[in-house]
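The structure that follows is given in the form of structure tokens.
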Amino acid sequence: MGCSVLVLTIIACTLGGLVFGYELGIISGALPQLQAQFYLGCVQQEAVVSALLIGSLKASVIGGWLIDRHGRRTSILLSNLLILGGTIILTASTSFLALVVGRAIIGFAMSISSMSCCIFVSEMVAPERRGLMVTLYEVGITVGILLAYAVNYILSGVQAGWRYMFGFAIIPSLMQLVSIGFLPQRTGTFEGLITQDDSQQSDRLAEETLDHQPAEHVKYSVFDLFKSKDNMCRRTAIGLGLVLSQQFTGQPNVLFYASTILFSVGFQSNASAVLASVGLGIVKVIATLFAMVCSDKVGRRSLLIGGCTVLAVGLILSGFLCGQSVVDTTKQCTSNLTSPIKNQGNVGNDLINQSQSTGHQTHDASGDSNIFSEDMYKWIIFVCMMAVVSAFSVSFGPMTWLVLSEIFPKEIRGRAYSFINCFNVGANLIVTFSFLSIIDVIGLSGIFFVYGGIGIAAVVFIYLVLPETKGKSLHKIDRELSQTGFFHREEFYSIFQRRQFSPRYQRVHLTSTTT
């Protein structure tokens, strides 16, 4: 019975990640078709993309209360019903407003589902397998993104193909709805599903003993997240630092605007850009599987530092290459709007014609060698984007949510998760809604440089503040965080102190002793 419940939990949560990833990735291929059919301007395109995040932000406000009050299972069931309703609205949309409403409903449901699934799994499994199990949700997300990119490519030339793109989300939603119906309402009865060793059992006994002291452990409020009690301010700082870093390094825009970015760096048609985005999806899945295997061996902190370093380098290199390329990477949506749209399969061809005319004199001056150079830039930028996606999928993608499910006391875990997710979605909304407008001002190269600089700052933050949680019970993590200072690496300062103040030579005093 216990193993059956565990398997059903893994299936349900992985399907939740699949739906999440599909809804994230599908807009990349649907957006060119929506632009053609509804004549969407720059701000309208950003509104359709960002409506998902607006709904998610609203869910983050009440999601924690819903999860802690009514349970993880009920919250997942509610999210399934809302996704089904939002998908029906999207597939039947005949106006810009209907698109925004449908996307907002789905965003609300996705936020509830993501918080519930990660917490649900983290409370079901033993410490040495928690990283593997929780990361399965991120695997579901990456598979969903890959599936979305594949569907985008298949339907890129189909009349009104965007309706089918949105409609296919019904299938995994129904599957998750059926699987979650067989799961228990609360996880407390099933926390011992996986065999544990003596130390883990003693930690659990200690946690259960503390649970019988309601005066101090049940009465957490959201305001406690900013207090020094139990070092909650440090936990909140860790959560906020991770989610803000993962958003302001620009990863959402790589997902939402993958086809747009690839088209702008030289992929000559909408179909080829969408096909290239499928390659990004495949790389993302492989990298996430690697992270899933390594999370309980290498550790969360090491993966975050290593992955974020590669991420920053890839973004800075992409910015340099975009600056050297002759392709015009500014005024994306405004250029498209000024050109008549012949058909949905060739949306934006006038942008490339404009780019080619802009660099016509350069091509004439240097001949075929420049054409080869432009093509080379295109593929090098694509490789850099693959490195960025891989690094994110190894680090921020799975590890952020794994760490968040571990560092807060269970009495406030749902509300803390929801509070942190508010900032996550808010930052995502800012980054996504402003992306095309910022490109009009500073171009792709400039925005990549900004993202890369933030990535470097994120590496420093993780090194200083984040502790390692692999192989530890939730109670042990809670106890250690309550007893330690704000900075994880205080010896970082002692290194500089020694270098600055320690003399090169020191006088040694000898004392003689008589016997």
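A Cβ is built for glycine as well, from the same backbone N, Cα and C atoms used for every other residue.
According to TrEMBL, the feature domain 'Major facilitator superfamily (MFS) profile' maps to 9-470. The feature transmembrane segment is assigned by TrEMBL to 47-67, 76-98, 104-122, 134-155, 161-183, 237-259, 271-291, 303-321, 379-404, 416-439, 445-466.
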The transmembrane segment (134-155): which same-chain residues, six or more beyond its ends, come within Cβ distance under 8 Å?
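The answer is 10, 13-26, 28-30, 114, 117-118, 121-122, 161-162, 164-165, 168, 172, 255, 258-259, 271, 274-275, 277-278, 280-282, 284-285, 287-289, 291-292, 295, 393, 397-398, 401-402, 405.
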With Cβ-Cβ distances below 8 Å as the criterion, list the same-chain residues six or more beyond the ends of the transmembrane segment (161-183) that contact it, or say none.
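Long-range Cβ neighbours of the transmembrane segment (161-183): 5, 8-9, 11-12, 15-16, 18-19, 22-23, 26, 29-30, 33-34, 37, 73, 76-77, 80-81, 83-84, 87, 90-91, 93, 102, 106, 144, 148, 151-152, 155, 344.
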Which whole-number mean pLDDT does the model give the domain 'Major facilitator superfamily (MFS) profile' (9-470)?
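Mean pLDDT for the domain 'Major facilitator superfamily (MFS) profile' (9-470): 76.
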Should the transmembrane segment (104-122) and the transmembrane segment (379-404) be scored as in contact, given a threshold of at least 3 Cβ pairs under 8 Å and pairs 6 or more apart?
yes
What stretch, picked from 76-98, 237-259, 416-439, has the most CB pairs under 8 A with the transmembrane segment (47-67)?
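Checked against 76-98, 237-259, 416-439; highest Cβ contact count belongs to 416-439.
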Any residues 6+ beyond the ends of the transmembrane segment (379-404) with a Cβ under 8 Å from its own?
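Same-chain contacts beyond the flanks: 114, 118, 122, 130-131, 134-135, 137-139, 141-142, 238-239, 242-243, 245-246, 249, 251, 254, 261-262, 265-266, 276, 279-280, 283-288, 290-292, 294-295, 300, 303-311, 313-315, 317-318, 321-322, 325, 416-417, 420, 466, 469.
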Out of 76-98, 237-259, 416-439, which stretch has the largest tally of CB pairs under 8 angstroms to the transmembrane segment (303-321)?
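Against the transmembrane segment (303-321), the leading stretch is 237-259.
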Considering only the recorded stretches 76-98, 237-259, 416-439, state which has the highest number of Cβ pairs under 8 Å to the transmembrane segment (445-466).
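Stretch with the highest Cβ contact count: 237-259.
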Could you tell me what the rest of the chain brings near the transmembrane segment (237-259), counting residues at least six beyond its ends with Cβ under 8 Å?
24-25, 27-29, 31-32, 49, 145, 149, 152, 270, 273-274, 277, 280, 304, 308, 311-312, 315, 385, 388-389, 392, 396-397, 399-400, 403-404, 407-408, 416, 420-421, 423-424, 427-428, 430-432, 435-436, 447-448, 451-452, 454-455, 457-458, 461-462, 465-466, 486
